Amino acid sequence: MSDDGEQPGPGDGAARDELSGMDLVRRTLAEARAAARARGQDPGRGFAAGPAPRRVAGRRRSWSGPGPDTRDPQPLGKLTRDLAKKRGWSGHVAEGTVLGQWSRVVGAQIADHATPTALNEGVLSVTAESTAWATQLRIMQSQLLAKIAAAVGNGVVTSLKITGPASPSWRKGPRHIAGRGPRDTYG
């Protein structure tokens, strides 16, 4: 209150100085509610209003039962597979499976001697550790394609490009000139 007997208004800064603790909080809350009403909003009453009324109309809640239900927890693998299918990522995921899980797709023995290097437009490039393994993989090409199709689906890998190890190079340094051609290097 001020000295001349007037009541302080809601915007009066002197009234706030006189109030303390919970009185100040109540006054501030009342001002905020009044401002909300002035803007045409419903200020609400928070927890003082009591619990929200229960829904009477609509479907009653029922338990799942012993059989499978859409509300049952789903395996993470199934959820990610469905997400990839919805977003159109299935092709990219299949390509990543071929390159990332090569040993599981083709088997441990083949994976020990051959490495996938690239997958472009259905052509899988595979580098073998020796020319003998490259020849063996070329012979087994149809079986490899069948294993890959069984693991990731048909159409992901349509053909294989199998290469042996890179041949040795005797070039040294960044610049070179054409030499005399291939010679009998080894004797």
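Each position is counted from 1, following the chain as shown.
For all residues, glycine too, the Cβ spot is worked out from N, Cα and C.
The following features are taken from Swiss-Prot:
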- 14-30: compositional bias 'Basic and acidic residues' (COMPBIAS)
- 31-55: compositional bias 'Low complexity' (COMPBIAS)
- 1-77: region 'Disordered' (REGION)
- 166-187: region 'Disordered' (REGION)
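Across the region 'Disordered' (166-187), the DSSP tally of helix, strand and coil residues reads 0 helix, 0 strand, 22 coil. Counting only same-chain residues 6+ beyond the ends of the region 'Disordered' (166-187), none has a CB under 8 A from a CB of the stretch.
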